[in-house]
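Since the structure comes first, as structure tokens, the remarks are kept for the end.
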Amino acid sequence: MYSSQASAVPNRVVGLISGTSVDGIDAALVEITGTELDLKVELLAGKTYPYPADLRERILAVCAGEAISMLELAHMDDAIALAFAQAAQNIQIGYQPANLIGSHGQTVYHRPPKEAGVGKKNLGYTLQLGRGEMIAYLTGITTVSNFRVADIAVGGHGAPLVPRVDAFLLSHPHESRCIQNLGGIGNLAYIPARTDDWLSQICGWDTGPSNSLLDLAVERLTAGAKTYDEDGQWAASGTPCYPLVEKWLTHEYFHLSPPKSTGRELFGVAYLNQCFQDAEPYQLSPADMLATLTELTVASIVHSYRTFLPQMPQRVFLCGGGSRNLYLKQRLQLALETVPVLTTDEAGVSADFKEAIAFAVLAHWRQLAIPGNLPTATGAPHEVLLGEIHQG
């Protein structure tokens, strides 16, 4: 069991993550006190450190299914670990040093579990590069990494892992909330008002494509000159093609019951190619295409809420890179009608660095032997300790 006395002492932790958009390493330096209902997190510093261009290209190629030798895989693993270690060191400049690092690593492959007959299940699989033992060695700081595998080993999806953190940082005594992450892939945490049984009612899952699909489209439409649509301005100048959105929403993933998870394996380059092929008869302009892909993200989120949530939330809080896409935010607000759409900044948690903050908290919990997963979100049969500890 964890020590309540230890949890009262501020724990200075670095949280690190690079998401499915592969746009860089988000690093957050935080001070944590408490554990669950008394959890308090102060963000001291947050910054995104871009990958070197050649490393990003190699990661994206592997995520798209390109074959790679074991030697190349080892080199990539080392290069990512080095980049994460450097980010951890740089974020601490000017501050007292951290005593713990929580590193998610870089996901390059994710396979959800699959039912294999009555009472049987083929376990999922996940691979995050950027090994924690190397980060611990290079920084001299104890590092927790490989967070997803313990949940997967007992039959869960290993995702989403952030809902338990969201529950203790962003819940409200009288209001139900959805925390909607708009990273490469969209995912939600539904958090009911804090009643007697509120923790058991929390749920979460991946809603579908978000930034990664939009970014891939921008790169394709600009022949690589741009990597994203700033503020969604380009998409905002176009008009969505609703018949295409309706067609794309027939994809089986959107109709799978939660818990569920996905990634670039399903919504990556091959899927985008199919989207462009589907759009050919409509002769859409580049702006129209981006507006239509944005509308798919919005429609998949709203469909998820209306189909699978026990009730619509009273408020939605956005986080992740897509929370800065003003056009996407406006379209989501329009679709959700009277449900206010805000960012987690307005609830006191940085929308840009919430995921990095979450992995700092998960590392803090692992150090105190507190489970980090929520079975109602990941589909695991029970709670488990998340992450492997590497002494610094």
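FYI, residue positions are counted from 1 along the chain as it appears here.
From the backbone N, Cα and C atoms, a Cβ is placed for every residue, glycine too.
For reference, Swiss-Prot has these:
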BINDING   Gly19, Thr20, Ser21, Val22, Asp23, Gly24, Ile25, Asp26  ATP binding site
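Using a 10 Å radius centred on the Cβ of Gly19 (ATP binding site) and all shown protein chains, the other Cβ atoms total 23.
Look at the Cβ of each of the binding-site residues Asp23, Asp26 and count the other Cβ atoms within 10 Å; the largest number goes with Asp26.
Summary for the binding-site residues Thr20, Ser21, Val22, Gly24, Ile25: the Cβ-based neighbour count within 10 Å is maximal at Ile25.
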